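J.: Here's a structure for you.
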Amino acid sequence: MSTRARPRATSTHRSVLPGVVGTSVAVAVVAMVLAGGGPEEVPPGLSDPGPLVGWGVRLARLASDLAAIATVGSLLLTVALLPGRPVGRAVRSSAACWSLAAAATWFLTMSEASGVAPRDLDVATVSRVVGTPQVSAAASVALLAAALAVAGGRLRGRWEGRGLLGVALGAALAMPLTGHVAGGEPGSQAATSALLVHVLAAVLWVGGLAALVLHLRGDPAGLSVAAPRFSRLALGAFVALAGGGAVSAAGVLGPPGPDWLSGYAAVVAAKVGVLGVLGAAGHLHRRRTLPRLGRGEPGAFAALASAELAWMGAAAGLAVALSRTPPPSALAPSADDHVASSTPPVLSVPGVLTQARPDVLVVTVLAAALVWYVAAARSASTRTGARWPARRTVAFVAGLLVVFMVLCSGLAAWAPVLLSVHLGSLVVLLVVAPTLLLAGRPLTLARGRARAPAPLVGASIACAAVLLVQVGPVLETSLRSSAGRLVAAALALAIGLALLAPLLDPGPGAGRPADAVGAVGLVALGLGVLAVRLTVGDGLLAADWFLELRLGWSDPLRDQRVAGLVVAAAAGWLLLVGAEEALRGAHRDGPQEPVPDPGGQSRTSTRPTRSSSVTGP
């Protein structure tokens, strides 16, 4: 951005941000007061942290959501809408605000849950509530946002931006997924998946528009490039947000009846009305403001986008109000809501097929990945004149099938109640599925000549994930919640791809293969330590959950030892993959064979290097 454009951007920040924040706060407060989502009156004789805590936790949550949207929007701008746009300072500032707001939410949520004023919190009180889903989620978000603030200031390339965008999206899902839908009926996997789609679409849509308004209003050239790209994303986000929201609301309200006249239903209706306004604004953008923007007239687009952003602020306020409004009777807990009441019978091979639980979100993502891969392979074949190897396509499809079996077969039915199945599913997504997917060279198709991330990145994140399984409430949260299991599965697959990409699909100009082999060996060592802990340790992981289940056909401690063997097998898989690549590297780097020269002299044969072998089909 030129120096002349910066003052205009600063003016935009000063004029737009207060209006958006003020609208969000006002709408949230009014909606909670009218729908019953404000602080509840505490019965006499029980401790009360006070109304300041009740309202404080709600407003802190709203501030956290707004800062999350700003962070995601800035990262989306530099990754997809206007690649290479410097946004490090904005990411650092918004992520720092996000971390502070999440920390305030964490502190006030502990006070509200314990019924103790903040000044009276002590270690004993905190220990009783620190492991609850809402408190754990807020703490996790605060830490992740702090990490984003540190890393955002050092943002240099698109790979770093993509990684940070993934972390930001994951953190943005944490607190919404501890609400009514994700914490409701145990079998409500469809509603949970719909909520994931709804939240992701909302964050990307609102964040993307905020990035255009706050970063590019003073840069007509950049706006003319980024706005049409955002328009395509916004249309898809609108459809996904509406569909996901409809399924989530239906899961709470149930069929038409008295619950549709509740305060919760009124907030849902208000959100539908705001969504209609935003849909009309998007139509105006595509019909009028985008063509004028292409003719060098950015004023109309900027004005409408600023007004649209204010309506989105109102939608954010309604979302927070909805999360605090008591759900109607359709979601009231009953004796049949215990997970054990819907658990499958004893694990068996036929049961893995007959107890299938297909997930709409998973199937959609896998189908989209397959369509993209086939199209990209055809494009590569056309571009190079050589047919894309069939073995790569087979490997990629096999990887997709592995992911489908883990998340949609009967394994998904047993995962919440058997640690061996749960951890087995995660390590398959961590090491087996990425091996097959990367054997198809999808990154080569996607990136052209860009490099995979540094080996240390995937190894560090994988080791941290292995550690988190053994300490804290992460494992139990992923067992108790269908949303937690989906998030854990997505993270395991993403970490595995980041870990193995430098080894299996590095691209030209990548670092030494020995570094990638060493990173894989480090993660294998971490998995080995976890396997020993599971196999010979006396303590039961997620003990509260398994003792609560009281399954008559499974011994939790014995099943934990089986889980240790499964994790050990995953460590062995990684060692085999690393050893195979190390041997290939040694063969490539070994002495070159002399080849007879027609002129009578011996010359050295030229073999394709690792980098050159991955650029073409």
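Don't overthink the numbers, they just go from 1 along the chain as shown.
Glycine residues also receive a Cβ, built from the backbone N, Cα and C atoms like all the rest.
Annotations per TrEMBL:
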TRANSMEM  16-39  transmembrane segment
TRANSMEM  59-82  transmembrane segment
TRANSMEM  94-111  transmembrane segment
TRANSMEM  163-183  transmembrane segment
TRANSMEM  195-214  transmembrane segment
DOMAIN    226-322  domain 'Copper resistance protein D'
TRANSMEM  235-254  transmembrane segment
TRANSMEM  260-281  transmembrane segment
TRANSMEM  301-322  transmembrane segment
TRANSMEM  360-381  transmembrane segment
TRANSMEM  421-440  transmembrane segment
TRANSMEM  483-504  transmembrane segment
TRANSMEM  516-542  transmembrane segment
REGION    585-617  region 'Disordered'
COMPBIAS  602-617  compositional bias 'Low complexity'
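Burial and contacts for the listed features, if you can.
T.: Here the transmembrane segment (94-111) has long-range neighbours at 49, 53, 56-57, 60-61, 63-64, 67-68, 70-71, 74, 117-118, 121, 125-126, 129-130, 134-135, 138-139, 141-143, 145-146, 148-149, 152, 168, 171, 175, meaning same-chain residues at least 6 beyond its ends whose C-beta is under 8 angstroms from one of its own.
Mean pLDDT for the domain 'Copper resistance protein D' (226-322) in this predicted model: 90.
When Cβ-Cβ distances below 8 Å are used as the criterion, the transmembrane segment (301-322) is approached by residues 12, 15-16, 19-21, 23-29, 31-32, 35, 37, 58, 61-62, 65-66, 69, 202, 205-206, 209-210, 212-213, 217, 223, 227, 264, 267-268, 270-271, 274-275, 277-278, 281-282, 284-285, 289-290, 292-293 of the same chain, each at least six residues removed from its ends.
Below 8 angstroms of C-beta separation, residues 190, 193-194, 196-197, 387-388, 392-393, 396-397, 400, 403-404, 407-408, 440, 442, 445-446, 486, 616-617 of the same chain, each at least six residues beyond the ends of the transmembrane segment (360-381), sit close to that stretch.
Sequence-distant contacts of the transmembrane segment (483-504) (same chain, at least 6 residues past either end, Cβ-Cβ under 8 Å): 163, 166, 170, 173-174, 177, 182, 192-193, 195-196, 359, 361-362, 403, 406-407, 412, 415-416, 422, 425-427, 429-431, 433-435, 437-439, 443, 452-455, 457-459, 461-462, 465, 477, 510-511, 513, 515-517, 519-520, 523, 577-578, 581.
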J.: Using a Cβ cut-off of under 8 Å, list the residues of the same chain at least 6 residues beyond the transmembrane segment (516-542) that approach it.
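T.: 419, 423, 427, 455-456, 458-459, 462-463, 466-467, 469-470, 475-476, 479, 499-500, 502-503, 506, 510, 556-557, 560-561, 563-565, 567-568, 570-572, 574-575, 577-578, 581-582, 585.
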